[in-house]
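Okay, structure first, notes after.
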There are 2 protein chains.
Amino acid sequence: MAIRYPNGKLWKAKQNVANPVPVEIQYSNRGMTLEDDLNETNLYYRENGIAVIHKKPTPIQIVSVDYPKRSAAVIKEAYFKQASTTDYNGVYKGKYIDFEAKETKNSSFPLKNIHDHQIEHMKAVLEQNGICFLIIRFTKLNQIYFLEAEKLMHFWERQKNGGRKSISHQEIVECGHHIPLGYCPRVDYISIIDKLYF
Amino acid sequence: MAIRYPNGKLWKAKQNVANPVPVEIQYSNRGMTLEDDLNETNLYYRENGIAVIHKKPTPIQIVSVDYPKRSAAVIKEAYFKQASTTDYNGVYKGKYIDFEAKETKNSSFPLKNIHDHQIEHMKAVLEQNGICFLIIRFTKLNQIYFLEAEKLMHFWERQKNGGRKSISHQEIVECGHHIPLGYCPRVDYISIIDKLYF
């Protein structure tokens, strides 16, 4: 098992002098996707009674299913469907929590990573006073930000009105909230929710 | 080709006129499953800005996927997984809403319709002060009830302590809340939530 420092950096007993890993890759590619990190974070929240938040299953359009005798049904033909909501939701202190998580290799966040349906869903959640946001990881910088859905809407509108098709890193630094990488939990977004909403 | 629900039950497009279904079943089977009715209800709630509640996609274990050139990815082998949470969740007036929906042809509600994982999930939601419940349809009587998760836990514990493996219709009438069938929305469970929690 890989052992890591609280900041997520891999701990190594010895440097491999014969094949030194380039410093940039060591920092940027921790071998875990944002989804992995969030699944572990959510598991930590659930196991410690902090919050109940799950990733929703990927929506699938099933076309054909076989029912072999005395065996489990086998799906023989199916297709991925576009999600009509965000990927994560759940409950924290009675409040509804809803978010989408995206990582980008770019130096800005491309708005095409979010679908129209998801924007409509987020607006509807905000109208119901749900807590709704985006978690963005800039993989090259290995930085993670929490961006409230209200602020995402501002950049979405700017794009609709002919403005830029992405949110710059600088804008996210200014409008969003940096989530420091931890060990347990890895991506402690609840600490941001505590500051902003409670 | 036979069309089946994920649970393997055969779907029928039309009543067979040569073999008419007895009247009793005709009333109870409106040609809509509880799931259909709840999907329409949730659509009504969303379109009218009342609540944002969705059914979660069925969880699928994907084993093999084909990527034909210039076409969408095709899932070639996959299996249904047991859900680790309830099927429906969302937000109403900022509060987290979470429920499972089940129909039974029996005159009582068999507790085997609910899995251990779902019970654990419901307990965790209650600890986070979420609004959590069960919607039960007795198909023969065509009656629908709202049963708070706290009350379900009572019957679950009774079973664990060697008691009956079901909840009788009479117990549900006494402990639960009858949801009258409507047209729009069909199964107005939010009206019960309003009475109980707001």
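Every residue gets a Cβ built from N, Cα and C, even glycine.
On a predicted model such as this, the values are computed, not experimentally measured, just so you know.
TrEMBL names B:Thr85, B:Asp87, B:Gln118 for binding Mg(2+). Of B:Glu77, B:Glu100, B:Glu127, the residue it gives for the same site is B:Glu100. Report note: the Mg(2+) site is defined by B:Thr85, B:Asp87, B:Glu100, B:Gln118, and the residues of the same chain whose CB lies within 8 Å of the CB centroid of those residues, excluding them, are B:Ala83, B:Thr86, B:Tyr88, B:Asp98, B:Phe99, B:His121, B:Met122. According to its DSSP assignment, B:Gln118 (Mg(2+) binding site) is helical.
Those recorded positions from the list B:Thr85, B:Asp87, B:Glu100, B:Lys102, B:Gln118 that have a Cβ under 8 Å from chain A Cβ atoms: B:Thr85.
Rounded to a whole number, the C-alpha distance linking B:Gln118 (Mg(2+) binding site) with B:Lys102 (site 'Transition state stabilizer') is 13 angstrom. The Cβ of B:Asp87 (Mg(2+) binding site) has 19 neighbouring Cβ atoms from other residues within 10 Å, across all protein chains displayed.
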